[in-house]
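According to TrEMBL:
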DOMAIN    5-34  domain 'DUF2510'
TRANSMEM  85-109  transmembrane segment
TRANSMEM  130-152  transmembrane segment
TRANSMEM  172-191  transmembrane segment
TRANSMEM  203-229  transmembrane segment
Amino acid sequence: MSVVAGWYPDPSGASRERWWDGAQWTAYERDAPVALAPAAPSAPSYAAPAYAAPAYAAQPYAAAPSAAYAATGMPSKVQVDTNTVWIWLTIVATVLPFATLFLIDWNGYLDAMLRIESRGAVADMEQWQLRTLGVSLLSWAAMGAGIVFSWLDWRELRRRGVPAPFHWAWSFFSLLGGGAAVYMIGRAVVLRRRTVSGGWPPLWVWIAVTVVGYGVAIAWSVALVGQVFSRLAGAYA
């Protein structure tokens, strides 16, 4: 059972405390809180016998803190660079599905539909469907790469000392059609609370490229519909 994140006695010095993030020691430390000494009872009138203090062998510090030691709260904001290369690759992976729209041969599809009664049109339609399947697999591969990049980004943030960054598993929402929205927004909010620099630049860049991507996709769809009607009107004129 893993020990919860919190402040624990520093293994390298008993006079300080170090932040344990739930899996490993981080670089954040502070002075140990001073415990208030209880009021001493009044001494008896007779002399108390003296006892020798028992000798105990020094014990090595454990790799993890004891679970019996209570955490005293979250650490203060840390000064680290939160813009990892993996978060930028995550953004690139979310843009690739928009680019797959231009890899589909829509003109070939229209030609096959207009010649649907001919034997050659059936073969052309089968080839078009196979190419479309390949493009769809490429889009799914891009989403899978985005999830992997999110995990690498989360791991790098922990390595740099960010306490408990937003978990990468939230990026699986991209498989439900939500893109990287959940991970990007959650990442920025958590980094704002736990780091000095925050994590806003990747979020704004992702929002910008997503808006542009949807705008291009909508404009392209409108142009495609107009082309379809034009081809149909010319075929049946």
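In case you wondered, yes, glycine gets a Cβ from its N, Cα and C as well.
All TrEMBL annotations are machine predictions without curation.
For the domain 'DUF2510' (5-34), the model's pLDDT averages out at 74.
When the stretches 85-109, 130-152, 172-191 are ranked by Cβ pairs under 8 Å to the transmembrane segment (203-229), first place goes to 85-109. Secondary structure by DSSP for the domain 'DUF2510' (5-34): 0 helix, 16 strand, 14 coil.
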